[in-house]
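A.B. asks: Next up is a structure, given as structure tokens.
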Ligand SMILES: Nc1ncnc2c1ncn2[C@@H]1O[C@H](COP(=O)(O)OP(=O)(O)OP(=O)(O)O)[C@@H](O)[C@H]1O
Ligand SMILES: [Mg+2]
């Protein structure tokens, strides 16, 4: 039998794992790649490759060996120049090599959004020395946020309230910086009323949107999300217009997670985006007819998406985090979590199968539906609290 397509997945975390399941349900053959063995997506893929995707030679070699129909990046830390070179040689990169290159660095995507497309963003400057950080701060004012241009999940990010704390924030950002550039973005702190992820799908038939997802972050990292986020019609229309402009500029087909802040007045501010499924979008695993992973797979494979709809009035997800570094552990309480479900208030969990825990590492997620987002959030949180990680 011939597979409808062969997919090379670059990055094999929890989002990759769900994507593999969706793609395999549509018959795809998937090779999952990551820097360590037995990563979550590898456990459900047809084949795997273990290597550093920041190693350009290895990356080229693996793509050349497998000759995939689609190269699907799941993470940002990839030698994206190689993807651009290989796209020019005829390799199909999802959604496009340009999208992976621009979103790998905060400065690149921010410049496209703010300068090229004229989207509203927070005031910002880039800095490569402490002196430049101070200059940027004197222009922007306090509070402000400092982030490495290359990082994710809030790593190296700090909110700074006063000038005497700039030194510490600069060192924190530079200390954990991925890649070879000592460069940070110094950004005005936005006192938003709420923030959303707008899952935006670019298909051959046009651009589609999922109902907006609300979320809450701690330490710059995702804690819980819910859908639909309640928002004014005009704010939603503004967010959709902005998302459409960005994804059309980046090009290609697939699902994008576009992040916005919304102020008390309803003004929408573009923050950043992922050209791939988004962690806050895991809530769609329970609340939509097609999850963000199903939608990504369909858009990539050129399959139709006739309808995106909610299957419950509201849904929510809450993360299950580790509290220490360990490779000897087991989960307890899954049964108690699942037992919380009932008609109209369903509960499910996803345990990612990561081989080791680290402090604050996301090990799983609890999912719930409800009559409204408050109920769904409370239920997802209760279910997540039931699942514990034992180290005995
Ligand atoms: N300028 C800002 N003003 C207010 N809050 C901010 C600002 N920048 C970031 N945050 C908060 O920190 C979170 C993470 O920031 P951001 O999305 O820029 O970083 P990230 O490391 O790419 O995170 P992720 O990869 O998890 O999306 C945001 O969702 C928001 O809650
Ligand atoms: Mg983000």
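Just so it is clear, glycine is given a Cβ too, placed from its N, Cα and C backbone atoms.
Below are the features I grabbed from TrEMBL:
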BINDING   14, 15, 74, 279, 354, 361, 362  N(1)-(5-phospho-beta-D-ribosyl)glycinamide binding site
BINDING   106, 147, 152, 153, 154, 155, 156, 157, 187, 188, 189, 190, 195  ATP binding site
DOMAIN    111-301  domain 'ATP-grasp'
BINDING   259, 272  Mg(2+) binding site
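How about a rundown of where these features are and what they're close to?
C.D. replies: The DSSP secondary structure for residue 362 (N(1)-(5-phospho-beta-D-ribosyl)glycinamide binding site) is strand. Take the CB of residue 362 (N(1)-(5-phospho-beta-D-ribosyl)glycinamide binding site) and look out to 10 A: across all protein chains shown you find 20 other CB atoms.
Listed in sequence order, 217, 219, 220, 221 are the same-chain residues at least 6 apart in sequence whose CB falls under 8 Å from the CB of residue 154 (ATP binding site).
Residues belonging to the domain 'ATP-grasp' (111-301) score a mean pLDDT of 96 in the model.
Counting every protein chain shown, 17 other Cβ atoms lie within 10 Å of the Cβ of residue 272 (Mg(2+) binding site).
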A.B. asks: Quick check for the class: what is the C-alpha distance, in angstrom and rounded, between residue 15 (N(1)-(5-phospho-beta-D-ribosyl)glycinamide binding site) and residue 106 (ATP binding site)?
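C.D. replies: Cα-Cα, rounded: 21 Å.
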A.B. asks: Could you measure between residue 195 (ATP binding site) and residue 259 (Mg(2+) binding site) for me? Cα positions, answer in whole angstrom.
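C.D. replies: Cα of residue 195 (ATP binding site) to Cα of residue 259 (Mg(2+) binding site) measures 7 Å after rounding.
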A.B. asks: Out of 106, 189, 259, 272, 361, which binding-site residues have CB atoms lying under 6 Å from ligand 2?
C.D. replies: 259, 272
A.B. asks: Please report the distance from the Cα of residue 187 (ATP binding site) to the Cα of residue 362 (N(1)-(5-phospho-beta-D-ribosyl)glycinamide binding site), rounded to the nearest angstrom.
C.D. replies: 27
A.B. asks: Among 279, 361, 362, these being the binding-site residues, pick the one whose CA is nearest to that of residue 156 (ATP binding site).
C.D. replies: 361
A.B. asks: Through the lens of DSSP with three states only, how would you label residue 195 (ATP binding site)?
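C.D. replies: Reduced to three states, the DSSP call for residue 195 (ATP binding site) is strand.
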